[in-house]
Amino acid sequence: MIEPGRLHAYIDPWLQRWKPSSSGVSYRPLLAAVDYGSQYDLSGSSDDNPTPVLDYIDSSLVEKRLLRKLDLRVAFLVLVYIMNYMDRTNAAAARLRGYEEDLGMVGTQFNTLTSILYVGYLLTQAPSNMLLHRMKRPSLYLSSCMAIWGVLTVFMGAVQTYHAALILRFFIGFVEAAFFPGAVFLLSQWYKKNELGLRTALLACGASISNAFGALFASGILGCLDGTLGFTAWRWLFFLEGALTIVVAVSAGWILPDFPSTPSAWLLPDEQILAKQRMEEEVATKNEHKSKPGGDYSGLADALMDWRVWWVGAALSVMVSSMSFSIYFPTLAATMGYDATTSLLLCAPPWILGTSTSFVVARHSDVTGDRFWHIVGPLLVSISGFILAISTMNTTLRYISLFLMTQGPVAYVVALTWIMNTFSQSQSKRAAAIALINSMASSGVIVSSYFWPSSWGPSYVNSYIICILASIVSIAMLWVFRVHLSRCNEAAEAEEQSLGLPKGLRYLL
């Protein structure tokens with residue numbers, strides 16, 4: 001009787017001689033594809049449920065199928081993030097049609113309403129990601145959170161007082177916080193480091209798409225539904241966007257991916273095996289350690305004790321502050337003197353360009369393995385937009401400045417990928433680091449919401465100057481981070497040469 005572990009030795013010569021038929025039907029018997037003997041003993045038991053290794057199938061074809069299926073689910077993640085960001089920023093569009101006046105807002109109360117969402121956002125991200133890391137079905141968790149914030153958005157359309165709106169905005173941020181860091185962590189569990197940049201860009205571009213088409217959607221609602229059934233136009237904006245979010249949430253539980261280790265009906269057996277094998281190879285490449293009992297808390301402790309997490313979090317907080325213009329984009333478009341509907345329509349083209357640039361820059365960053373200069377470039381273009389807006393009130397030039405400004409968020413996309421590449425000692429630390437850094441980045445919005453008081457309009461010179469300074473500080477802090485990683489790489493190379501070790505982990509710069 002042939003031992004299971006030696007089965008491939010008997011069939012290998014036959015497989016080498018076999019040629020695919022002209023019909024194009026591939027022959028991939030599972031026993032030939034998987035070496036069970038190296039992982040399992042003859043009694044059928046296993047150590048820690050190891051992943052069988054794909055040996056004799058054409059893994060490149062399976063990998064292409066796997067990535068194609070994953071990318072379709074990433075496309076749905078983008079849709080969810082569009083709804084996430086749209087529900088987060090719709091107050092700026094409502095402001096153009098009497099939102100402040102109807103709720104009796106004065107002074108900086110609208111800025112506070114914008115800011116309070118990110119207070120709840122900041123509080124929830126790290127605990128949520130640590131909880132997500134322990135789940136087998138993160139898809140159900142994320143879709144449930146989505147349905148809740150959709151319901152809260154609908155309630156926003158029914159509020160009668162400023163303080164009621166303030167409370168609802170806080171809880172919307174509290175629930176929404178689960179999605180983005182959770183989605184970023186989920187991507188890091190499926191894609192290799194050289195694949196992450198483009199997929200992170202696909203996800204993060206949801207913000208730009210939301211800014212573009214959310215403005216078009218809002219212009220249609222605000223322009224057509226005012227007075228319908230006795231409700232003002234801005235109330236319809238919250239009603240319809242919240243309802244649409246709920247509809248998408250119902251589908252999300254079946255479409256969003258879980259983890260590679262979770263059985264998935266949408267993956268074939270060889271695809272499931274390869275998905276786990278790819279991540280195990282990444283673990284080996286990065287010298288990661290496996291999770292231990294209490295590993296979630298250990299990962300959180302490691303992240304909290306790593307000064308680089310705090311440094312990069314502070315750098316991204318300053319960077320996000322420089323991008324605070326995106327929250328007030330409809331207001332900035334309105335400074336060109338057009339009515340509310342036209343101003344919202346003018347918001348779309350700059351963000352469409354920003355979305356397109358994200359793909360190009362992120363893909364080039366993956367190919368070259370560079371992160372820092374792909375962050376600096378978009379920030380410098382954004383700074384040029386701020387300078388142009390300061391220099392003139394000419395309508396054409398100020399509109400051009402909006403196109404330049406929208407290049408800034410491209411830098412944040414690349415920065416997120418850099419974070420996932422760098423903080424990868426364990427899955428739990430990666431989850432904690434992503435959530436902590438994103439939480440710190442969100443704190444930048446809390447402060448920068450006050451960079452744009454109405455009294456500084458319509459030129460907003462002071463606001464733009466603050467954004468320029470914030471961008472420069474962010475670049476300087478990330479340069480320090482790059483120098484540190486470069487020295488770590490040099491030290492690792494010197495140690496390997498002196499001890500005769502094979503090449504190990506190198507940080508991307």
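Sequential numbering from 1, following the chain as shown.
The backbone N, Cα and C atoms fix where each Cβ goes, glycine too.
Given the structure is predicted, the values throughout are model-derived calculations rather than measurements.
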For the feature transmembrane segment as recorded in TrEMBL, pick the matching range from 16-38, 200-222. 200-222
Stretch carrying transmembrane segment according to TrEMBL (options 74-94, 431-451): 431-451
Quick test of the contact rule: Cβ under 8 Å, at least six residues beyond the ends. What residues does that give for the transmembrane segment (431-451)? 108, 111-112, 114-115, 118-119, 121-122, 125-130, 132-133, 177, 180-181, 184-185, 188, 299-300, 302-304, 306, 309-310, 312-314, 316-322, 324, 327, 412, 416, 419-420, 423, 463, 466-467, 470
For the transmembrane segment (200-222), out of 140-160, 341-360, 372-393, 399-419, 463-481, most C-beta pairs under 8 A are with 341-360
Taking contact to mean three or more C-beta pairs under 8 angstroms, with sequence separation of 6 or more, is the transmembrane segment (309-329) in contact with the transmembrane segment (463-481)? yes
